[in-house]
Amino acid sequence: MGDPDLLEVLAEEGEIANKDIDYSFQMSESLSSRETSFLINEETMFQKNQQSKDSIFFRDGIRQIDFVLSYVDDIKKDAELKAERRKEFENNLRKTGLELEIEDKRDSEDGRTYFVKIHAPWEVLVTYAEVLGIKMPIKESDIPRPKHTPISYVLGPVRLPQNVKYPHPEYFTAQFSRHRQELFLIEDQATFFPSSSRNRIVYYILSRCPFGIEDGKKRFGIERLLTSNTYSSAYPLHDGQYWKPSEPPNPTNERYILHKNWARFSYFYKEQPLDLIKNYYGEKIGIYFVFLGYYTEMLFFAAVVGLACFIYGLLSMEHNTSSTEICDPEIGGQMIMCPLCDQVCDYWRLNSTCLASKFSHLFDNESTVFFAIFMGIWVTLFLEFWKQRQARLEYEWDLVDFEEEQQQLQLRPEFEAMCKHRKLNAVTKEMEPYMPLYTRIPWYFLSGATVTLWMSLVVASMVAVIVYRLSVFATFASFMESDASLKQVKSFLTPQIATSLTGSCLNFIVILILNFFYEKISAWITKMEIPRTYQEYESSLTLKMFLFQFVNFYSACFYVAFFKGKFVGYPGGYTYLFNEWRGEECDPGGCLIELTTQLTIIMTGKQIFGNIKEAIYPLALNWWRRRKARTNSEKLYSRWEQDHDLESFGPLGLFYEYLETVIQFGFVTLFVASFPLAPLLALINNIVEIRVDAWKLTTQYRRTVASKAHSIGVWQDILYGMAVLSVATNAFIVAFTSDIIPRLVYYYAYSTNATQPMRGYVNNSLSVFLIADFPNHTAPSGKRDFITCRYRDYRHPPDDENKYFHNMQFWHVLAAKMTFIIVMEHVVFLVKFLLAWMIPDVPKHVVERIKREKLMTIKILHDFELNKLKENLGINSDELAKHVMIEENKAQLAKSTVYSS
C-alpha cells in the first residue's frame, strides 16, 4: 500500500516526503491560503442567509465539505492550551494540503459553537488514495451480473429497482496511482472519488496530523484532541435531508435514497440495497448488514421447520396417551402425589396438572429429536454458506487483496501517554512507544478478577432467584389450596407454573440491571489495561463482554435444563439448599416446559427491550439537544449544525450490534430443542431490527467515517464455538430435560400392552412412598385416608428389601440417555464435517471471476504501459521491438500465474 517511506513520514510528521508531492502540496497550500484569504475578505459577497440549508459546500459553492470539526470556547484554566493546540493542528492540516473554512460562533444556532469545515482538493485525494491503496475503476466490467432464475421471478415483490440495488456499473479496478491518472476512468475530478472515500482520506490525515510537542513527545491525531475536549466532535456530513432529495448544485442525496428504500418499516419484506449501504457508510458497516440480512434469510428455513414441529405438537396434543392418562379421573385422579414442599404443602392429585401436561406436549414430543438434529445441521449450513457469501462479497466489493485497516493498527493515544519507554521496531527500524509486560501484569490481574467477580455475581443472583422460587412456591401452593375462588385458575396456573413465570420475570430484570453496570465497568477496565492499538482494545472488550453476557443471559437456562429436578432426592431423603430450602422439583411431565417458559421470557423480553431502547434513546437525546440548541431561530440551521445535533454512532456502535445478534444466535441454537418457535421469534425480531438499525443510522446518527472490513472478524470464531456447543446442549436437553428417552425405554422394554404400547407409562414413571416414612418435620399435618403417595423417579417400593433405592429401570433409562447423547453427537458432527468438506469456502464461479478480473487488470495495465512506452521511445523501432517483447513476456508470465492460482 503505497511507498513505505511515505507512510512512515505521514505517521510521524503529517507531511509528504516525495519531492513531487511536496511541490504539489506547496502549490496547493499557497493556492488554499490565497483562496481562503480572498473568501474571508469578501465574505459579504456570500451572505449566510442566501445559502441553502442543505448546502454541503464552502461559501464559494464549489468546494465540497468532506469533514467538520466543532469546538466550544472553554473558560477553564486549560483554555489557552486548547486554543494553541487547535491553532497548531489547523496550521498543520493546511500544510498537508487540506483547505479549511471556519464558521464563527456568532453564526451558529446556539451562539457558542465554532465549526471548522474541511475540504480535500484533488492533489490531496490522489496522493492519499495511493497511500491507502484505494481501488478505483479502470474499465467497465464485461462479466455479466448473475442471471435471473425462475425463482427470482417468484421473489419479484421483494426485489428493489435495479438502479437502487446496483447504483453503479461494475468495473475492473486497480489500486490508484497518481502517476497513472490517465489509466483511470476520470470523467469529473469533483465526483471521481465517492464521498465515503473522501471522508476516509481526510480522517486518515486527521488521525496523523501533529498538534505540538508536550512533555518532550510529539503529539498527533484527532482522537487525542477529542479525548481532551480540544474539539467536541469530528464527523463527515450527510448528503442532505433524509426526507427529500437534494437540490442542485448538491450531488445525489444517497441518504434520501437509503431512507426511502431501506429505512422505512413498510419495506420490511424488501431486500436491502447493500451496494448503496457500502458506498455511503463504508464496507465495515455494510458487511454487518449483509450478515444480518443473510442470518435473517437462513432463519426463515429454521422458523418454517420449527413452526411445523409446533403444529405437530398442537395437533397431537389431544391424542397424547400420557396427557390422556393424567387427565383421566380414573387414572390421574386416583394418583395421590407427595407434597412439593415441607409442612405447608399438601398432598395433591395428579390430574390437577392436566392442562400443564398438554402444554408440555406442545414442545416435548417426537418432533423434538428431529428438530434438535435438524438445527445441528442447519447451523453448519448457516456457517458454511456464510463463508461463501463472504467470499462473494470480497470479490464484489474489491476486498480480495484487503489489508487490515490502518486506523485499527494505529497506536492509541492513551497507550502513548502512559508509555515511559521506547523500543526499536524491527520492521520500521524506528523508536516507538513500548510498555514492558511487568507494568501491565497488575492491570491484567485486576481485569481478570473483575470479570470473575461479576460472573460470580451473576451466579449469586441466579442462586438468589432460585431461593426466591423455593420460598414463594410454598406461598403459592398454600394460597391456591386455601382459596376456593382460585379453583378455576388452578387448572392452568399451577403453583409450579406461577413460580416459574414470576421467577423468570425477576431473573430477566436482574439480567438487565447487571448488564447495564457491567457495560460501564468492562469499558473502564479495558482502558486500564492500556491496549496498544484500537484492534487490541476491541478484541479485549469483546472477550470480556461476551463472557459476561454468555453467563448473564444463559445461566438461568442452563440451570433449568441441566440442574433443576436432577438432585432433589426422594420423600424422606430430600436434598436441601443451605440446609433450609428443599430442592426444586420438575413437573411430573419434566422440566422442558419450564425451560421453554424461561427461554421465551428472556429472549422475547431482551429483543423487545433492545429494539425500544435503540429507537427511543437516540430519538430522545436528539430532541433534547435540538431543543437546547434552537435559541436563535432566525439564523440559518445549516447542514453541519443539523448533523452536529445528531447522536454519534461511536467506535463501539457496531460492536454492540454484533454482540446483540450473537447472543440471539445463542438462544436460537443452544436451547432450541426446548422451544422450536425460537427461530420464528428471532426471524420476526430481525426483520424489525434491520429497519430499526437502518432508520436510526439514516435519521438519528451522524454519518460514520467509512472504514474497510473483509469479514465479521472475531465474531465468526465465536459463532463457530457456539455452533459446536449447541450440538452438546441440545443432545443433553433431549436426553435429560425432556421425557422422550424414558418414554422410548418404556415403549420398547417395559410396555405390556400390545395394542396401546404407551398405556400405563404414567403409572410406571411414578414411584411409591409410604407416608409413615416421612420425617416428622416434613410431613403435612392431619390424618389421611391413604397410606402411600407417588413421586417422579425410578425407585423400589416400600415393601421391597431395597426400598427407595434406584431400581433397574433407572439404570436402563440412564444408559439409554447416555447412548442417545453419544449417538446424536456423533451423527450430527459427522454430518457437519461432511458438509464442511463438501461445500467449498469460495464458490467456483467466484474463483473464475477473480481470475478473470486479475487477468483483465494485468492486460489493461500492460496495454497502458506499452502505449506509454511507445510515446517515450518515439521512432526507435529496434528499441521498441525489444521492450514490446519484454512486456509481452511479463504479461504471459502473469497470465500463467493467474491460471495456476
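The backbone N, Cα and C atoms fix where each Cβ goes, and this holds for glycine too.
Curation plays no part in TrEMBL annotations; they are all automatic predictions.
Residues or ranges marked as domain 'Anoctamin dimerisation' in TrEMBL: 57-274.
The domain 'Anoctamin transmembrane' annotation in TrEMBL covers 277-853.
For 287-315 (among others), the entry in TrEMBL reads transmembrane segment. For the transmembrane segment (287-315), the residues of the chain that approach it from at least six positions outside its boundaries are 271-272, 274, 277, 361-363, 365, 367-368, 370-371, 374-375, 378, 381-382, 385-386, 389-390, 393, 654, 657-658, 661, 665, 668, 672, 676-680, 682-683, 686-687, 689-690, 693-694, 709-712, judged by C-beta separation under 8 angstroms.
Sequence annotations record features per position, and here TrEMBL assigns transmembrane segment to 368-386 (among others).
Under the heading transmembrane segment, TrEMBL lists 444-477 (among others). Same-chain residues lying 6 or more positions outside the transmembrane segment (444-477) and placing a CB less than 8 Å from one of its CB atoms are 340-342, 344-346, 495-496, 498-500, 502-503, 506-507, 510, 514, 518, 521-522, 525-526, 528-529, 544, 547-548, 551-552, 555-556, 559, 577-578, 581-584.
Summarising the annotation, TrEMBL assigns transmembrane segment to 497-518 (among others).
Positions annotated as transmembrane segment by TrEMBL: 541-562 (among others). Beyond its flanks by at least six residues, the transmembrane segment (541-562) meets 447, 451, 454-455, 458-459, 462, 465-466, 504, 507, 511, 514-515, 518-519, 522-523, 525-526, 591, 594-595, 598-599, 602, 606, 652, 655, 659, 662-663, 666-667, 670-671, 674, 714-715, 718, 729, 732-733, 736-737 of its own chain at Cβ-Cβ distances under 8 Å.
TrEMBL lists 662-684 (among others) with the feature transmembrane segment. Nonlocal intrachain contacts for the transmembrane segment (662-684), taken as residues 6+ away from its ends with a CB within less than 8 angstroms of a stretch CB, comprise 295-296, 299-300, 302-303, 305-307, 309-310, 363, 367-368, 371-372, 375, 379, 546, 549-550, 553-554, 557, 561, 592, 595-596, 599-600, 602-604, 606-607, 715, 718-719, 722-723, 725-726, 729-730, 733-734, 737-738.
Among residues of the same chain six or more beyond the transmembrane segment (718-738), those with a C-beta under 8 A of the stretch's C-beta atoms are 364, 368-369, 372, 375-376, 379-380, 382-383, 546, 560-562, 566, 590-592, 595, 662, 665-666, 669-674, 817-818, 820-821, 824-825, 828-829, 832. Sequence annotations record features per position, and here TrEMBL assigns transmembrane segment to 718-738 (among others).
Feature annotation from TrEMBL assigns transmembrane segment to 810-835 (among others).
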Long-range environment of the transmembrane segment (497-518) - Cβ separation under 8 angstroms, sequence gap at least 6: 356, 454, 457-458, 461-462, 464-466, 468-469, 472-473, 476, 480, 545, 548-549, 552-553, 556, 593-594, 597-598, 601-602, 605-606, 609
Model confidence over the domain 'Anoctamin dimerisation' (57-274), averaged pLDDT: 88
